Structure formats: structure tokens, C-alpha cells
Ligand code: UDP
């Protein structure tokens with residue numbers, strides 16, 4: 001059974017969209033096997049997005065990701081990495097398919113409401129960034 005890391009980002013937590021987003025995962029048959037609500041420091045946001053260090057949006061992105069609470073979750077299911085990316089939609093909500101989280105809820109290309117790991121290796125790294133073994137429900 002595959003696992004991936006999802007984050008409900010600060011723009012969505014601020015607008016009371018936690019339940020709306022979780023419902024979409026549950027309705028798609030995805031299990032939430034770990035979840036917490038926390039506020040990243042600037043340094044933690046920089047570490048999480050280290051892969052984007054050289055990109056022009058890195059400073060703004062890490063300011064935004066440390067601006068308020070977010071909800072990291074471990075999602076589990078068959079093919080859940082890809083399935084989650086489909087449910088999320090494209091990075092820029094203007095390009096996201098109708099009915100996806102980002103098309104329905106995101107504010108813009110930066111404040112796009114959710115994060116999702118893009119491959120098995122990044123999923124493992126990103127899960128370990130937020131969760132210890134003890135915090136896994138099953
Ligand atoms: N991002 C941004 N400006 C851009 C591209 C990305 O602010 O031009 C932000 C956005 O929040 C995005 C995150 O950086 O979700 C990571 O970018 P990536 O290309 O990995 O997109 P994702 O995998 O989240 O769709």
C-alpha cells in the first residue's frame with residue numbers, strides 16, 4: 001500500500017477549508033493514517049522546500065508557508081501519490097482541471113491550498129520530515 005505526504009497549506013487553513021479538503025480525499029477512498037496541525041518556522045519552511053532554493057519564488061514561498069498553521073497528513077491507498085496529484089490539480093489554479101482542489105479553492109499559483117509529494121522517494125523524505133514512527137496510526 002502506497003503512502004504520500006499531503007499538506008493543507010496556510011491559505012486553506014486560514015479560510016476554514018480543512019474539512020472541505022479532507023472530505024475530497026476520504027470520498028476518493030484514500031485513508032488518512034497520520035495528521036497534525038502546526039506552524040512552520042521560516043527555517044523549517046526553507047528546509048522543506050530546499051529543492052526550490054535557486055528558484056525566484058523561494059523567498060516568498062517560504063514566507064507564505066511559515067505565515068500561519070498548516071496541516072500535514074499522511075495519505076494511504078493504492079497509487080495514492082498519483083491519485084493525490086490528480087485530486088490536487090495543476091500548480092497554477094488557472095491551469096488546474098475543473099473539480100480539483102486547486103481549481104475550486106486555490107487563490108493563486110503560490111497560495112494554492114495543498115502540497116502533495118510527486119514521487120515515491122520524495123514521499124518517503126517528506127513523510128519523515130513531519131512524522132516519527134510513533135505518530136503513524138497503523
Ligand atoms: N510556487 C510558486 N510560484 C511558482 C511555482 C511554484 O510560488 O511559479 C510554489 C507553489 O506554492 C507550489 C510550490 O511552490 O505549490 C512548489 O512548486 P512545485 O513546482 O513543486 O509545484 P507543486 O508540486 O506543488 O504543484
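Each Cβ is built from the backbone N, Cα and C atoms, and glycine gets one as well.
What TrEMBL says about this protein:
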ACT_SITE  115  active site, pros-phosphohistidine intermediate
BINDING   9, 57, 85, 91, 102, 112  ATP binding site
DOMAIN    1-138  domain 'Nucleoside diphosphate kinase-like'
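Known features from TrEMBL, placed on the structure.
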residue: 9; record: ATP binding site; contacts (Cβ under 8 Å, 6+ apart): 64, 65, 70, 111, 112, 113, 114, 115
residue: 57; record: ATP binding site; contacts (Cβ under 8 Å, 6+ apart): 110
residue: 85; record: ATP binding site; contacts (Cβ under 8 Å, 6+ apart): 116, 118
residue: 91; record: ATP binding site; contacts (Cβ under 8 Å, 6+ apart): 102, 109, 112
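Taking a Cβ distance under 6 Å to any atom of ligand 1 as the criterion, the binding-site residues 9, 57, 85, 91, 112 reduce to 57, 91, 112. A mean pLDDT of 97 is what the model gives for the domain 'Nucleoside diphosphate kinase-like' (1-138). Residue environment of residue 115 (active site, pros-phosphohistidine intermediate) contains 19 other Cβ atoms, counted within 10 Å of its Cβ in all protein chains. Take the CB of residue 102 (ATP binding site) and look out to 10 A: across all protein chains shown you find 23 other CB atoms. Taking every pair among 9, 57, 85, 91, 102, 112, the residues listed as contacting ATP, the largest Cα to Cα separation comes to 21 Å.
Residue counts for the domain 'Nucleoside diphosphate kinase-like' (1-138) under DSSP, helix first, then strand, then coil, are 61 helix, 24 strand, 53 coil. Its Cβ placed at the centre, residue 112 (ATP binding site) has 22 other Cβ atoms within 10 Å.
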